[in-house]
């Protein structure tokens, strides 16, 4: 296995409302930032993650390439999902051995449309989408199956929002309050906020990584696993795929200082902690996590970036970045990074 | 100035999708009002059917079996405010429903009326659309099984008040409270009665009592009553002056929370020209303003 590390990470100051930037305009600042941090202007491979349904336009990711400078032609790819999977593809590409650097970015604006309706479009078109089962309703089904304790959920939201207020890139959200339900048993504050934003990561292999940065965040384990799409075919109270991805990525081979989890609903953090078997003294989502800022399609990449940043800064020696995709934590990717 | 535009993404008429033999069989049976599952090689029954066993990835068998239609709710969420895309326009539950005979759960809506009707283990069955087309929404929603009924009961009676009460009500019709005094224990009862419940002997002495008295105990009633003027209303035991047994009556003309034991009250009569031999002559008892009585 070739040594590959995260050597730079940047993200936008995410916003809760549309500030009038189109996708390339949103991507440009983090791209400029990682180019500046690494001194690289060109990359062996470029891969992005986004979702056309967020923009409501086909091939919207192609026009987003305007932020890159794709001439003369570059080696480029795209995943129609969270950019954490673009990072996985880039990691696989670097394993080929013929290129040493990769640029990964993800972007998404969920404010222009209705995210609950849009995410229904990801469901199977025969059994689930025609029912109009929206994202919050299915998440509430999972929360109910998991039998999550209200006080525990409130504490997760309180902790995440407080951490988010201390994070200049996340949203400024108040402590949870009110006892209204969005879809019972979920309250409005159990749900990640509508967010616009983007993020970029640079991966580099071997000596190039050592050259580009003082403390590369070496990827020592990366794996993803998926479960059946249909909710009734799974035990929603557990995440088998997150547990198997964690095992394959070797999470248990050492102490995890920081874990950044892609939990878009408070109960998902409980399910993930259990699946990943994180010890009590692991700092979970010190950035605030998705409950403090959820730029859809970049949120998972940001988890890897935030976990890497702790190593780049020298603050941690072993961290975990997690990303999820599909309804009710269907698909999970776990990245372990070490100093 | 911010520029903005409305943008709609829509496929007029909707996508056309082929179903294949497995999903197609399920939807065809659904159109006929049946729910079927498919057997896996391992013998599990998948509902709704998938082409592949989710555990192994192997193709399922060609063995379709009818399941349900009754099923058991495993878990549920409650939609307080339905969205435009939802199957019902009133509050409802989303549920994972294990149909009888199935090894997996179906996701569908449950029209339970009230969130308190929902619980794991609730038995539900499909409510079919009259016009079915072979679509998951051919089941409009699931509804709870019948576990109780409500039986209306109504019978009518013609009642006469009895001799003693007739005498009392005639008195009320003339603006007088008529009581009776026992010749043995000398207790004064109001309303008028023909026997002393303590001594068990016939009573013949009539006494006229004033329409003033004292509240001995009371209740604040928060449920509407056709005989009460408003909610909350106060019903009280009132010991008429000169009597030994309190009678029950309404108290009014005072906020409910100010009524107290020992309060002095007087009957408020409706206008004399409206009097009939009925307790309706007395609107209620209202405080006199005199000092309270030590009971």
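Along the chain as shown, the residues are counted starting at 1.
Quick reminder: no glycine exception, Cβ is built from N, Cα and C everywhere.
Those TrEMBL annotations? Automatic predictions, nothing curated.
Features reported for this protein in TrEMBL:
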DOMAIN    B:65-129  domain 'ChsH2 C-terminal OB-fold'
DOMAIN    B:171-200  domain 'ChsH2 rubredoxin-like zinc ribbon'
DOMAIN    B:206-269  domain 'ChsH2 C-terminal OB-fold'
Long-range environment of the domain 'ChsH2 rubredoxin-like zinc ribbon' (B:171-200) - Cβ separation under 8 angstroms, sequence gap at least 6: 163-165, 206-211, 240, 242-245, 247, 269, 272, 275-279, 281-282
For the domain 'ChsH2 C-terminal OB-fold' (B:206-269), residues assigned helix / strand / coil by DSSP: 3 helix, 33 strand, 28 coil
Counts of helix, strand and coil residues, the domain 'ChsH2 C-terminal OB-fold' (B:65-129), according to DSSP: 3 helix, 31 strand, 31 coil
Helix-strand-coil residue split for the domain 'ChsH2 rubredoxin-like zinc ribbon' (B:171-200), DSSP-based: 3 helix, 8 strand, 19 coil
